[in-house]
Amino acid sequence: MKRFNWSRFLAILVKEFRQIARDKPSVIMAVGMPVIMLLLFGYAVNTDVDHMPTVVWDQSMSQDSREVISSLRNSTYLDPDFYVRGYDEIRRYLDGSSARVAVIIPPDYGKQVQGSGNTTVQVLVDGSDPTAARAAMSAVQTVGFNTGWEVQADRLAQQGGATPVLPVQVETRVWYNPDMKSLVFNIPALIGLIIQNVIAMLTAFSLVREKERGTLEQLVVTPVRPTELMLGKLVPFVIIAFVSLMLILSVGILWFGVPPKGSLLLLILLSMLFVTTVLAIGLLISTISRTQLQAMQMTILLILPSILLSGFIFPRETMPLFLKGLGGIVPLTYFLVIVRGIFLKGIGLEYLWKETLVLATFSLVLFFLAAKRFRKNLD
Amino acid sequence: MEKTELAIDCRGLVKRFGNYTAVEGVTFQLPTGAIMGFVGPNGAGKTTTIRLLCGVLMPTEGHATVLGFDVKTQPEEIKQHIGYMSQKFSLYEDLTVRENIDFYAGIYNLTGTFAAERKQQVIERIGLNERLPQLVQSLSGGWKQRVALACALLHEPKLLVLDEPTAGVDPVSRRVFWQIIHKLAQEGMTILVSTHYMDEADTCDYLGFVFYGRLIAFGTPAEMKAKENKANLDDLFIYYVEREAVDDPRNKGNR
Ligand SMILES: Nc1ncnc2c1ncn2[C@@H]1O[C@H](COP(=O)(O)OP(=O)(O)OP(=O)(O)O)[C@@H](O)[C@H]1O
Ligand SMILES: [Mg+2]
């Protein structure tokens, strides 16, 4: 009586497949949406800061001032495209956001450089967006330091000395994402986020729809067991999610050119583990909510914190302990470590076993919670 | 011995939702093989009583056994042995008639050739042969109810519980439906059916009058009419409603 029954489970499974096959919009949403979302967001969440519009007030109009300006352009961080005279015009450019950076070269710049004096180039930075401002500042600092160093070297050479060498140098080398392209960092995470959102929404709707249409009222009067019902509803979505995952991975790898450094098989396996966790969340939501609208709201409530707390946008290392802890109960957090690890670092289970274990625990606990919450009565 | 001959035995069943009492001390015994009609105005508590007996609502007070199983402790056993049709149509509209029947056959754990035979028997008995490939949403009200009945009969239930099965169904379909019900009863099935149609109620073996959550009268239709000296059930129904409305505490405030 109390045992899991395959005939009942299969009946649910077959019924779900038939309903899904007839529900074209859902299929399109499940398979098409993730790809469209990845294409859109893949371009939108590009956090690389470069080619910032820059306004220049060159009061010197000398060979040397032109050299500084072209060094700035060569850094690729600044595009000194606007030339003005006076602070009023500079203010207009910055106020109107036509430029993010202003470079002011003093009238005696050429004279001082050619002679043996000192001079100062003033740079104004729009600090509204701190990330962009920091990038601009470090770019002009570097250009300024290099220019100063070259001028000094020339002067020493002219005095007949040897070309000086900096006594201490720092040599940097960037691992994993050597070009530091944010796309490479973001695409794997986006794949996780999008799969989570679409699949959670679809599953959340599946049981609530039965409540809304009244078919659940008939089901609770039959001997069907909650686990049979839940598993029967879960499995078709696992398959849909698999197709959808394959598509979105292909787009990420082929279209955006972000191939995983590690094992593709492991990536797919662990992605499916994550999908199962998300499905269980969706089921849990659908046992709690009474209408599709409620289910939708609850899914959104889940998605928002997962974007902010999982380390998708902000690194978790710098979060206050409380928020970091909150992020710890978001499954996406662990999956992001996994996808980024496999995509960027090419690491395997020897490093990712902890996250894998956490996700597996999450999915089991959530699934049993959902089956438990779904009691077969109408109270 | 006597207990097994009762299909339903309920004593002092009470159901409260918050502080609203939907069912108040319902007591009756229904022998096996009888048809019992449940009548009463809208909101009287018929559906709630039925749900209590099906094991999907927990009674706040009182006891009931259905087919010898306790509604509080053995709801799953009850579900295995009863057929149920809810008041609101509740099959899958986006599946065909056959797919719905297949689904419920699976849900009641019917397999192999036995399942095929049972399905065929029920399909023939209800006359669904021509409708099998049709999507349920394209069926008329009368046909939908017949499909729902078919799904409730697949596992040969000992007790059939029908909540307003003929609401919104045309007279011809209603007659066909009741012919099937009487046939099933002759074969030994116990049937509990709620209805607002007095002509249907008149053909039941027993009647229960539900009013504001209380079962105010129970007996055979003939006994009940004789007791209050009424010529037909319509008159009896109106008599009860008028008598009880005066007594009802909830109406005091309005007077
Ligand atoms: N889950 C619930 N929560 C709160 N109140 C409920 C619930 N279910 C039913 N009720 C209330 O209990 C009362 C009895 O409802 P019930 O559905 O049993 O009446 P009924 O006799 O079947 O009426 P009808 O002829 O309209 O089907 C109604 O007033 C209803 O609003
Ligand atoms: Mg009712």
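Start at 1 and count along the chain as shown; that gives each residue its number.
Glycine is treated like the rest: Cβ placed from N, Cα and C.
Under the heading domain 'ABC transmembrane type-2', TrEMBL lists A:133-377.
Marked as transmembrane segment by TrEMBL: A:27-45 (among others).
The annotation transmembrane segment is assigned in TrEMBL to A:183-208 (among others).
Same-chain residues lying 6 or more positions outside the transmembrane segment (A:234-258) and placing a CB less than 8 Å from one of its CB atoms are 13, 16-17, 20, 27, 30-31, 34-35, 38-39, 42, 183-184, 187-188, 190-191, 194-195, 198-199, 202-203, 206, 267-268, 271-272, 275-276, 278-280, 282-283, 343, 367. The transmembrane segment feature in TrEMBL is assigned to A:234-258 (among others).
Using a Cβ-Cβ cut-off under 8 Å and counting only residues 6 or more beyond its ends in the same chain, the transmembrane segment (A:264-286) has close neighbours at 191-192, 195-196, 199-208, 230, 233-234, 237-238, 241-242, 245-246, 249, 295, 298-299, 302, 331-332, 335, 338-339, 342-343, 348-349, 352, 356, 359-360, 362-363, 366-367, 369-370, 373. Positions annotated as transmembrane segment by TrEMBL: A:264-286 (among others).
Per TrEMBL, transmembrane segment is recorded for A:298-315 (among others).
What TrEMBL records for A:321-339 (among others) is transmembrane segment. Under 8 Å from some Cβ of the transmembrane segment (A:321-339) lie the Cβ atoms of residues 188-189, 191-193, 196, 267, 270-271, 274, 277-278, 281, 305-306, 309-312, 352, 355-356, 358-359, 362, all in the same chain and six or more residues away from its ends.
Residues annotated as transmembrane segment in TrEMBL: A:351-371 (among others).
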Residue numbers, six or more beyond the limits of the transmembrane segment (A:183-208), whose CB comes under 8 Å of its CB atoms: 16, 26, 29-30, 33-34, 37-38, 41-42, 45-48, 177, 216, 233-234, 237, 240-241, 244-245, 248-249, 252, 256, 258, 260, 271, 274-275, 278-279, 281-283, 285-287, 289-292, 294-296, 298-299, 302-303, 306-307, 312, 331-332, 335-336, 339-340, 342-344, 374
